[in-house]
Amino acid sequence: MAVRQWVIALALAALLVVDREVPVAAGKLPFSRMPICEHMVESPTCSQMSNLVCGTDGLTYTNECQLCLARIKTKQDIQIMKDGKC
């Protein structure tokens, strides 16, 4: 019985640790990813095909290419926070 209580206590402690907020260091979001923008040097035009991405700047972009254009124009390190709308 004591082992079972110990396992339950350990599981609850693990849940508390997992549920804690992840600190954001140096202004960087913990789950963002870098867009692939290398092709923008050769051809700075984007298709209008909709594949929404949410930028770390809080804006929704039509696609990853549009986010790359915004990175170039604003000279900001905009990354992809998630696929879809912000």
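The backbone N, Cα and C atoms fix where each Cβ goes, glycine too.
The disulfide bond annotation in Swiss-Prot covers Cys37-Cys68 (among others). Sequence-distant contacts of Cys68 (disulfide bond), defined as residues of its own chain at least six apart whose C-beta falls under 8 angstroms from its C-beta, comprise Pro35, Ile36, Cys37, Met40, Cys46.
Swiss-Prot lists Cys46-Cys65 (among others) with the feature disulfide bond, giving sequence analysis as the kind of evidence.
Annotation note: Cys54 (disulfide bond) sits in a strand segment as assigned by DSSP. What Swiss-Prot lists as disulfide bond is Cys54-Cys86 (among others), and the listing cites sequence analysis.
What Swiss-Prot records for 31-86 is domain 'Kazal-like', and it gives sequence analysis as the kind of evidence. As a whole-number mean, the pLDDT of the domain 'Kazal-like' (31-86) in this prediction is 91.
What Swiss-Prot lists as signal peptide is 1-26.
Sequence-distant contacts of Cys65 (disulfide bond), defined as residues of its own chain at least six apart whose C-beta falls under 8 angstroms from its C-beta, comprise Met40, Cys46, Ser47. With a cut-off of 8 Å between CB atoms and residues at least 6 apart in sequence, the same chain places Cys54, Gly55, Gly58, Leu59, Thr60 near Cys86 (disulfide bond), listed in sequence order.
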